[in-house]
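Encoded as structure tokens, the structure appears first; notes follow it.
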Amino acid sequence: MWNKNRLTQMLSIEYPIIQAGMAGSTTPKLVASVSNSGGLGTIGAGYFNTQQLEDEIDYVRQLTSNSFGVNVFVPSQQSYTSSQIENMNAWLKPYRRALHLEEPVVKITEEQQFKCHIDTTIKKQVPVCCFTFGIPSESIIKRLKEANIKLIGTATSVDEAIANEKAGMDAIVAQGSEAGGHRGSFLKPKNQLPMVGTISLVPQIVDVVSIPVIAAGGIMDGRGVLASIVLGAEGVQMGTAFLTSQDSNASELLRDAIINSKETDTVVTKAFSGKLARGINNRFIEEMSQYEGDIPDYPIQNELTSSIRKAAANIGDKELTHMWSGQSPRLATTHPANTIMSNIINQINQIMQYK
């Protein structure tokens, strides 16, 4: 059976399909629907405060008794100067003026937020905790393991996968360059951050680690799931496939943009957040590209552009807000999450029967 392996057993799920924990875009209905369909629904906790995360977990539990997870951002060392912030504020001034916005006060609460997310995950006994942007400290990993919480790390290179296994992760997401949203890279190479495609990355990671590997990036249907399994993955993580679902928190602006875009429309940019992320190209990205080397690191840039992005989205201006998407938008649908899950499973079973 294609759907029975170490990962499904470890996570107590029927099918090795994980809905990515997309911060700002998941809803209790989406998470529970995926879990009720036999996959692993994941709460995108990245931007939640403690109360919001507690409420989200409680709501998910009202909708499902099945396993689910929480995805959290691991804090990173920020590298920026006051002149970078001053320059960026000057460059962003025309956008703020056009949208009638004040210059924001930057508040960095990453460390405290992360600690609260971990405390809440343990307090609420969430079955699975997924990490992106790095690996948590040894003490945090120990606390989570003592609470019998399964840990899933993210890797965009073989070296990052090895580091995840060494740190004690129970499974690893191999995030290919096709993936939408933020890159999970955390080891800084000599030249540039890894941009290795899923079909290349997965088998190379599988060959050097002993824990289950989860393929991510460009996977939208049963064909992608089966291809990943053939490459040695024991599961897949899908983001964009569920982002356009009517159960997600995506705006109609974003949903329509993805549904109507093509595979050549996305780019990888730091313009919105200070961290590389894949999204649909627009005017803001193109105009900010001239400052690429001077953009402050995440979360500084994320704070500086936040009000611009929100205001633009509120008035339906897709040229000034982030439109995260993977490279397979032609395969996106607006079906409910349970329909997406059943379509994937049925397609896999049909292919297996045909073969």
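One is the number of the first residue shown, and numbering goes on along the chain from there.
Using the three backbone atoms N, Cα and C, a Cβ is placed for every residue, glycine included.
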Given that Swiss-Prot annotates Asn71, Gln175, Gly180, Gln237, Met238, Gly239, Thr240 as FMN-binding, name the residue from Gly168, Gly218 that shares the site.
-> Gly218
Around the Cβ of Gln175 (FMN binding site), other Cβ atoms within 10 Å, all chains included, total 29
Recorded FMN binding residues, Asn71, Gln175, Gly180, Gly218, Gln237, Met238, Gly239, Thr240 - maximal Cα separation rounded to whole Å | 19
Hey, does DSSP put Gln175 (FMN binding site) in a helix, a strand, or just coil?
-> strand
